[in-house]
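Record features (TrEMBL):
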TRANSMEM  59-79  transmembrane segment
DOMAIN    81-158  domain 'YdbS-like PH'
REGION    166-187  region 'Disordered'
TRANSMEM  206-226  transmembrane segment
TRANSMEM  254-275  transmembrane segment
DOMAIN    278-348  domain 'YdbS-like PH'
TRANSMEM  385-406  transmembrane segment
TRANSMEM  426-448  transmembrane segment
Amino acid sequence: MSREASPSPVQLPTRAHPSYIVIAALRTAKENWETALPFVFLALVLLKKYFSAGLVNTLFGLLLLFGIPLASLILLGFAHWRTHTFWLDGTTLHVQYGILHRVQQKIPIRRIQSAATEADFLERLFGVVRLRFFLAESAGLEEGEILIRALPKKEAQRWMQEVLATPLGPPAPPSKEEGKEEGESAQIPPSVEIFRYSIDQAFRGALLSPPIIQSFLIVAVLHGRLASFENGALLEFLLRRIPPALSDLFGQPLIRLVVLFFVSWVIAVAGKWIYLLRFRFYRTPEALVLEEGWISLRTKAFSLERIQAVELRQSPLEKLAGMASLRLYVAGKGETHQGTIPFLLVDRLPALMKELLPQVPDILMEVHPLPASARRRYWTRFLRLTFLLVFAIPAIVALVAFSYHLPLPVHPFDTNSYPIGFLWRPAPLGGTLLFLILLGIIWGEWAYRHGGYLQSPQGYVLSVCLFTHRKVFVPRRRLQEMHLYQTPWQRLAGLANIELLWLGDSIRLFHLPLEEAQRWLSSQG
């Protein structure tokens, strides 16, 4: 039955689940705990001084000093629940909220690019989720999104289906009558659950994930902050329970730093492993749905018609492990307008892309390599980046340590720091410069070999590499602008830089042949 003939339940003014009263009250307390903390201490002092004479007085004091504020929080949560309404009216989404400051939002459905559901631990206890709709532009809205709170999960899926015009649940098997009408040409919808990580693949992905770097930074700060424990009772308590030989070993600051890093890295890898085991994604006839999260769950749906660009990413470690990540872009800026499927096996990508995104086959095709005249220019560019990083990183570390008064475990400019101080002594200075030059040339050669371009009837593919190899496909109908840049030195060599822009993001390739860049511009015009 059509939508006009039988209105959907989401077309009527709707309120959140009643559990939103408790959730809103706890959220208000969480947001204002710093303001409320002095009053809590004052209430405890008053309770002990004036209401501790007997049981009746104590109960009366608890009711007066704590019961009334808690009741006020519940009333505030009820007011939030009562004033938060939302509904669909034809092609417009209406959302109203606010107690004293009343806000009413009207958003055309055509501007909604993707949708997501989120649920933290408390919301999972109540069986509700937060529903977010992401827009193409912010238009004065916070982060360009619309938030609907405390919806039951099935109701949130119905809202996503209504707004994105796509089913988000298991496809129902066709009836016999429908099968007779459609005949042999009917296509079976794709399976709901397409992919889950195996235990081995999730573990390999966890080993390659960024928490290694994050663990090092966190431990470096903790090592400086916990330096006061050297003469404390906690450290002595721990050292007394290990053998004397190891006790002397763990007494050294560098060994403690290594142990702290290893423990934090193991914890980070274990958390990432569990996260990947919980991750899954599936394809419906008109959308790609990602489900992720461990304690907090998140479901994100991308309408296939609104995908602006598709990207394959490979870090050096992922290349060695034979893995890659797939990223989807919709209109808008920031991580909220992107969806990433990490750590996919490269040898299974063709079959996976054929099932998930058959409309973008070009991203797996071989690209045209950059001309030989671009090689030296890539060397020069990355030589500059190498020297900039070598001189900038110690300066940034020293500046941060000076600004926040952090005691660093390794001082970059201390002569006792042998690996760093040795390189800047007069004798090995030439060797240091030679090493940096070789590093810049290798880096530039790496970027040059991974650069490339491809034009097809469906769109454009650019392959670029800085640290991570990125291969981006932009459909012709999604391309907003194409920019061509050229320096005087590039004119002599017949080269140019080209940039492709879509709604929300862009990608640039350096030192493309000028004739090819002009051909792209003419075909776009």
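Numbers run from 1 along the shown chain.
Glycine residues also receive a Cβ, built from the backbone N, Cα and C atoms like all the rest.
Using a Cβ-Cβ cut-off under 8 Å and counting only residues 6 or more beyond its ends in the same chain, the transmembrane segment (59-79) has close neighbours at 20-26, 28-29, 36, 39, 43, 46-47, 50-52, 99. Summarising model confidence by region, the domain 'YdbS-like PH' (278-348) averages a pLDDT of 87. With DSSP states grouped into helix (H, G, I), strand (E, B) and coil, the domain 'YdbS-like PH' (81-158) comes out at 21 helix, 41 strand, 16 coil. Counting residues per DSSP class in helix, strand and coil order gives 16 helix, 43 strand, 12 coil for the domain 'YdbS-like PH' (278-348).
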